[in-house]
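Notes follow the structure.
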Amino acid sequence: MTSTTTQPTTQPMAKPKVAFAHLGCEKNRVDTEHMVGLLAEAGYGVSTDEEDASVVVVNTCSFIQDAREESVRTLVGLAEQGKELIIAGCLAQHFQEELLESIPEAKAIVGTGDYQHIVDVLQRVEAGERVNRVSAVPSFVGDEHLPRQRTTDQAVAYLKVAEGCDYRCAFCIIPKLRGDQRSRPIESIVAEAHQLAEQGVQELILISQITTNYGLDLYGKPKLAELLRALGEVEIPWIRVHYAYPTGLTASVVAAYRDVPNVVPYLDLPLQHSHPDVLRAMNRPWQADVNERLLNEIREQLPDAVLRTTLIVGFPGETEEHFQHLKHFLETQRFDHVGIFTFSPEDGTAAADLPNRVDPDVAQARKDALMALQQPIAAERNQRWVGKTVDVLIEQHNPQTGEMIGRCARFAPEVDGEVHVQPGDDGQQAAPGSFVPVKITGADIYDLTGHIVGARSMVAEARVKD
């Protein structure tokens, strides 16, 4: 009688489930989405619930001290829950080995130019290594061939046209965290835009550190105008540009805004200040001769342009005279949207060592004064839209009340206001991700209200006009 022995089969070890915690800007978000896509393609389970995962990848921010503290609080909180951590992004690039030494639960750090290696990093962590994958000088930029799984609303996507920055503003640490500018070819960007259009994206937001400098490193001169015209062939209704440096808004770029139908006339201009002395101290001296002339040209060429800016108060050496100059500038230019920040000294930047620091209480008072000045201006700018019918991209819908929330072209996601929409006279409602015509009936400092314009309303309005 012959006996046989069955050898036990070895089952492959299950891959750990991974969750992501995203902190910081939308450029960081795109990096997170690439890491999610890479891990999903490699067979890892990716969860939106940190409780459900054994490993959490935290894509961190290190732009200012408040952001660093938020990143560290997130890391410590997850560590205390017993999670294994992979620290990615700007905090990892900034502090590198110090993070591994400070947080035993951190199994790896991944720099801003190294996120494309996330699968290899995780495999090495699974094998018991502690991994430092941080390039001294970030040089990578993702493209349309790198897997990506979006984490934003299905109707909205961010598209990174370049990475890094060649400017050296005195207050900014980004070049040390992200490296010098490296642009993607126009063909690569357009190819990814087509991919996103096929996914149903209705609004595409172009981002980089200085989007108006797009192409300078690659082509020898900026090519934003050519890029916008190429993207005009993509079937996405709204294309919005963020982070436009004022000196890069040339006549050809403004003409592209005017001529390309799906480019939204929304200009995000981080001006930071108006006074030549402060701009010189910020290492932005050329901007002083540009601000007012540029804004006048924009309004002449694009009468419906929506203008957003960011300003810094309390920069070292800012006097009361400088502040009054900025206050007058804000009052006369009448921006639609303004973000105002107090100066934050960042180690490793030129401004950190500047003398004549402004007292924090004085800086805060200046910020409060500018906010008080801007709020009625913002309300007045919104009020101009009352009575008009505009296209609104619906993002939320309450089936119980019928109320919808969306945005018209004058509002960018997250940083600006919303449009609160009621059903039309015929009860018409709209699903998230769709555009509907909305008649604006009310406005406040930040938001608009209105109702869907159905066929009956349009016919009635046409009869009145006739």
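Note: Cβ is positioned from N, Cα and C throughout, glycine not excepted.
Features of the protein shown, as given by Swiss-Prot:
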type	residues	note
DOMAIN	16-127	domain 'MTTase N-terminal'
BINDING	Cys25, Cys61, Cys90	[4Fe-4S] cluster 1 binding site
DOMAIN	151-380	domain 'Radical SAM core'
BINDING	Cys165, Cys169, Cys172	[4Fe-4S] cluster 2 binding site
DOMAIN	383-454	domain 'TRAM'
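Long-range Cβ contacts of Cys169 ([4Fe-4S] cluster 2 binding site) within its own chain (separation 6+, distance under 8 Å): Gln272, Met282, Asn283, Arg284. When the alpha carbons of Cys165 ([4Fe-4S] cluster 2 binding site) and Cys61 ([4Fe-4S] cluster 1 binding site) are compared, the span between them is 16 angstrom. When the alpha carbons of Cys172 ([4Fe-4S] cluster 2 binding site) and Cys90 ([4Fe-4S] cluster 1 binding site) are compared, the span between them is 13 angstrom. Mapped onto three states, the DSSP output places Cys90 ([4Fe-4S] cluster 1 binding site) in helix. Ranked by Cβ neighbours within 10 A across all protein chains shown, the binding-site residues Cys90, Cys172 are led by Cys90. Here the domain 'MTTase N-terminal' (16-127) has, by DSSP, the following mix of helix, strand and coil residues: 59 helix, 24 strand, 29 coil. Same-chain residues with CB within 8 A of the center of the Cys165, Cys169, Cys172 CB atoms, the [4Fe-4S] cluster 2 site residues themselves not counted, are Tyr167, Arg168, Phe171, Ile173, Ile174, Pro175, Gln209. Look at Cys172 ([4Fe-4S] cluster 2 binding site): DSSP puts it in coil. With DSSP classes pooled into helix, strand and coil, the tally for the domain 'TRAM' (383-454) is 1 helix, 31 strand, 40 coil.
Sequence-ordered, the extra residues of this chain that approach the [4Fe-4S] cluster 1 site, with Cβ no more than 8 Å from the Cβ center of Cys25, Cys61, Cys90, are Leu23, Gly24, Lys27, Asn28, Thr60, Ser62, Phe63, Ala67, Gly89, Leu177.
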